[in-house]
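In TrEMBL this protein carries:
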type     : residues      : note
SIGNAL   : 1-22          : signal peptide
DOMAIN   : 35-155        : domain 'Beta-hexosaminidase eukaryotic type N-terminal'
DISULFID : Cys65-Cys110  : disulfide bond
DOMAIN   : 177-496       : domain 'Glycoside hydrolase family 20 catalytic'
DISULFID : Cys286-Cys337 : disulfide bond
ACT_SITE : Glu332        : active site, proton donor
DISULFID : Cys514-Cys531 : disulfide bond
Amino acid sequence: MKSWSRAVLVCMLVHVIREVLSGGHPYIVPTVGQVWPKPQMHVSQTSTLSISPDQFTFTVTDETCPLLQRALDRYLAIMFPANKLSTARHAGRVSGKALTSFQIRLMAACEGAPYLHMDEHYEIKIDSPDEPGVGSIVAVSVWGILRGLESLSQLLIPAGDGTYFVYATQIMDFPRFSHRGFMIDTARHFLPMNKIKEMLDLMSMNKYNVLHWHIVDDQSFPYVSDVYPDLSTMGAWDSNRVYTSADIADIVSYATDRGIRVIPEFDTPGHTRSWGDGQPDLLTECYTNGSPNGLYGPIDPSKETTYDFLKALFTEVTSRFPDHYLHLGGDEVPFACWISSPSISEFMVQQNITTYSGLESYYIARLLDIVANLPTANGYMVWQEVFDNNVTLASDTVVHIWKGSGDDLENELSDVTAAGFSTLLSSCWYLNYISYGTDWHPYYECDPQNFNGTEAQKSLVVGGEACMWGEWVDRTNLIARTWPRASVVAERLWSDASVNSTSEAAPRLEEMRCRLLNRGYDAEPLGWGYCDADL
């Protein structure tokens, strides 16, 4: 037995007290066989069924859906991983009844691509009185089947001898919000293709359905354009850290198979320094004392060539990203360079524009008109500044709220929805901000509909997004820094509003973290303890 000094013991005691007083949990015993995010309705019995992987099969009512067939193959590998050692922790609970076949009932035609407001309802029945010894997933859409398959995979419990068991169960489930997104940033640090796919796998395991791809920014322009090849040639970190049209098609296809939309963000007129090297005369030339100083600011809104460029670029972008929506940014535009430019001042006089926020609004209005009239008839998402600056927006615009807290945030949500616009919330879910100790509770306590407004207003909140900005994040720490903290946001966006207790969620979240570890992902610890997959 170790001989601890009084100082060490006092230090340990203080640490435990701090954890408890702050709502933390120094050691959490994980649940077993609980589904994350928590379903809308989940009833389990005490009786169990045994499953032998080599005798288990899926049967499908519609065998003409390739996406579904690929999902079934994928989930067989997830449910019954090869070369995984099972522990005997849960041995001895298996009844004599075996579950050898699981019916997959797709009730409508197979859809080819996910979309906003797609139907993700599903129902799971295992050993119901009507169908003893049988398991089934029923859904109207293939997207509901995907969510049901993930839930089924989480219900299985290793029996310790290479087999599994599952409790007799009935689940009826659907998401609270239709847009459950995660934002990655590939401009501050390049993310390899395999890491983006790893994120998509983890997103699907947590029932996210949107990858918001902040693909370019001041620091680099890794998007390879066929129309303007110099944008990446001159603006990317180097020729290896880019995304070609084939790469984008690969990511979109990989995401589609998992029921995830891919929405790219090309943020303008600010955040565009990397654009300037590959597209001369696009950015505003900055002046000091009436002379150019060699610096450049936001996109120059005074030149017609700017809008010709934007039309050609976004025509190409929308041909590669099939989702109805583009994210057009519009945040954090610095005015200093515009203020210094004689040509900008002259243009403002000609256009009777009296403020620089008005100049920004002029640019954004032109851009939105271009995107709305592209051949693909795209809709758009914008950061909240665009709404705050009173830019005229199309009725199907989605306003993305990222600023504020408390009353300021609630007032913004109320104002945007009162104006009739759909909205997303990210303000409370910037996961790139990290702190020591238990930091997930505020994420869990944030509710996108927590503001004063009518039911009609609250119905305009289509969901939210967790964000992982890349200033201090690259392939080495993306997964651990994101998960399982992003799992918390996933549950807030999927489960009923009444599911909001951190103490009730903690053991289930611990199980989810252990589950991700067991599946091979380096999800960081939530507190003291261990998972079977630690070794």
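Yeah, the Cβs are placed from backbone N, Cα and C, and that goes for glycine too.
Predicted automatically and left uncurated, TrEMBL annotations should be read as such.
What you are looking at is a predicted structure, and each value in this text was computed from that prediction instead of being measured.
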Response to the item:
Least Cβ-packed of the disulfide-bonded residues Cys65, Cys514 (other Cβ atoms within 10 Å) is Cys65
Worksheet entry | For the recorded positions Cys110, Glu332, the one whose C-beta sees the most other C-beta atoms within 10 angstroms | Cys110
Discussion item. Using only C-alpha positions, which one of Cys110, Cys286, Cys337 is spatially nearest Cys514 (disulfide bond)? These are the disulfide-bonded residues in the record.
Written reply: Cys110
Item to complete: Consider the recorded positions Cys286, Glu332, Cys337, Cys531 and say which one has the Cα lying nearest the Cα of Cys110 (disulfide bond).
Response: Cys531
Worksheet item: CB neighbours of Cys531 (disulfide bond) within 10 A?
Response: 17
Item to complete: Average the pLDDT scores across the domain 'Glycoside hydrolase family 20 catalytic' (177-496) and report the rounded value.
Response: 96
Worksheet item: What's the CA-CA gap between Cys65 (disulfide bond) and Cys286 (disulfide bond) in angstrom, rounded?
Response: 56
Worksheet item: By a simple count, how many Cβ atoms lie within 10 Å of the Cβ of Cys337 (disulfide bond), its own Cβ left out?
Response: 19
Practice prompt. Rounded to the nearest Å, what's the C-alpha distance separating Cys286 (disulfide bond) and the residue listed as 'active site, proton donor'? Just drop the number here, would you?
Written response: 18
Worksheet entry | Three-state composition of the domain 'Beta-hexosaminidase eukaryotic type N-terminal' (35-155), taking helix and strand from DSSP | 31 helix, 38 strand, 52 coil
Fill in: CB contacts for Cys286 (disulfide bond) [other CB atoms within 10 A, all chains]
17
